[in-house]
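*Asks:* Okay, here's the structure, questions in a sec.
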Amino acid sequence: MAFVLSLLMALVLVSYGPGGSLGCYLSRRLMLDARENLRLLDRMNRLSPHSCQQDRKDFGLPQEMVEGDQLQKDQASCVLYEMLQQSFNLFYTEHSSAAWDTTLLDQLCTGLQQQLDHLDTCRGQVMGEKDSELGNMDPIVTVKKYFQGIYYYLQEKGYSDCAWETVRVEMMRALTASTTLQKRLTKTGGDLNSP
């Protein structure tokens, strides 16, 4: 819980930082939506972390992609969008509806959709015609493979409560990582290769 509160405080501080040329990407609204989505995921916790230890799994979150300096500005926006889209797809399923409190789940899906809508508008402003060539880029494929592993895991575990709890914790990691990328974009004004 302390980690989540620290993360929330960091998000609040970032939301007041300079947006530079990426004001569209990193608006206060987008950061507030990200913070609310993390808070909702935290509230969705129904099981003790110790009760599901046998189901824990390393899904291979591509952290080097969001923490390293491998991505250009347009790639970073595509990775952020894909992370949010895949997260939305994961929670907007019949299996997910059976596993979670529907009120919290609906709020989470609405929040993710709001972030997607905002990023989609921003991506259109920056990307223009590059969008089609970036659709097949390695970072996007990596994100898709990461989420495919999560889907396979849920199927393998029969969509059990512990499997969903493991995925909920992983989604908190994934959305935190995407927020880290947003913060890096804010600090560097969009140039991920600057110090």
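Glycine is treated like the rest: Cβ placed from N, Cα and C.
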*Asks:* With Cys162 as one half of a disulfide in Swiss-Prot, pick the other half from Cys52, Cys78.
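*Replies:* Of the listed candidates, Swiss-Prot names Cys52 as the partner.
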*Asks:* Under 8 Å Cβ-Cβ from Cys52 (disulfide bond), six or more apart in the same chain: what's there?
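*Replies:* Non-local contacts for Cys52 (disulfide bond): Asp161, Cys162, Glu165, Thr166.
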